[in-house]
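**Q** Dropping a structure here in structure tokens format, bear with me for questions.
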Amino acid sequence: MNKVITAMNHLEGEEKEELNKLLRNAPVWLLNACTVLNLKKGEIFVREKEPVQTVYILIKGTVKACDFHMLGVAYEFCRYEAVDILGGMELFIDCEQYQTTLITETSCQFITVAKDKFAKWMREDANAQWFHSNKMIKYLLGECRRERAYLFLQGTDRVYLFFEFLYERCDCPEICVSKITRQQISDETGLSVKTINRALSKMAEEELITIKGRQILLSREQYEKLKERTAEKIDM
């Protein structure tokens, strides 16, 4: 428990506030059952179809969810930021296997707990159950919104929507600075790298994005222009 308390005390800002909300009524037996896990960037810690054994509470860093399809093509469809609960949704729907592969996109720190202990906690702690349910519903609504939108868009228009979502996930309200690679954009949109390169060149020419070296910058004004472009094709 001491390591868990120490990790909690080292958090700052929104991460600390969110974790305090989640653990507000956490019983001592739960904290005693938790451990702290530190992982480096690029580590797979959950694999799709493997039995659910552990629930991970992400308290630092970013995690990406990835589906691996035929011919080794990977589709990155979601990112999780601290604080979030990973592996808990499966327990809520009585699923014994993890439903997606999770990979650390940055160095990450987790509080981990065995699935049985987590399930017991959720049944007994209405505050924690509300926190987790809120996160799950927001995630599902966001996924439905994006999937519906992607159905109506092709090529460059899909890249427009990708950057619109990227800006909405960005911490800075004025300008989003991203070092995301062409391959990562390809993985997340399902488009080829060649198509991504053409789309980015076109967007830069039309001043919808700004490319500086390996960075892609997206201002509030550019974000609004992208929203106008996508709104012409779909009703968001």
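Note that Cβ sites are derived from N, Cα and C of the backbone, with glycine treated the same way.
In TrEMBL, annotation is done automatically, which means it is predicted and not curated.
TrEMBL feature annotations, pasted as is:
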{"type": "DOMAIN", "residues": "7-122", "note": "domain 'Cyclic nucleotide-binding'"}
{"type": "DOMAIN", "residues": "153-222", "note": "domain 'HTH crp-type'"}
**Q** Summarise the domain 'Cyclic nucleotide-binding' (7-122) by DSSP state, stating how many residues are helix, strand and coil.
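**A** The breakdown for the domain 'Cyclic nucleotide-binding' (7-122) reads 35 helix, 46 strand, 35 coil.
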**Q** Take the domain 'HTH crp-type' (153-222) and count its residues per DSSP category (helix H/G/I, strand E/B, coil), listing them in that order.
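**A** DSSP classes over the domain 'HTH crp-type' (153-222) add up to 39 helix, 12 strand, 19 coil.
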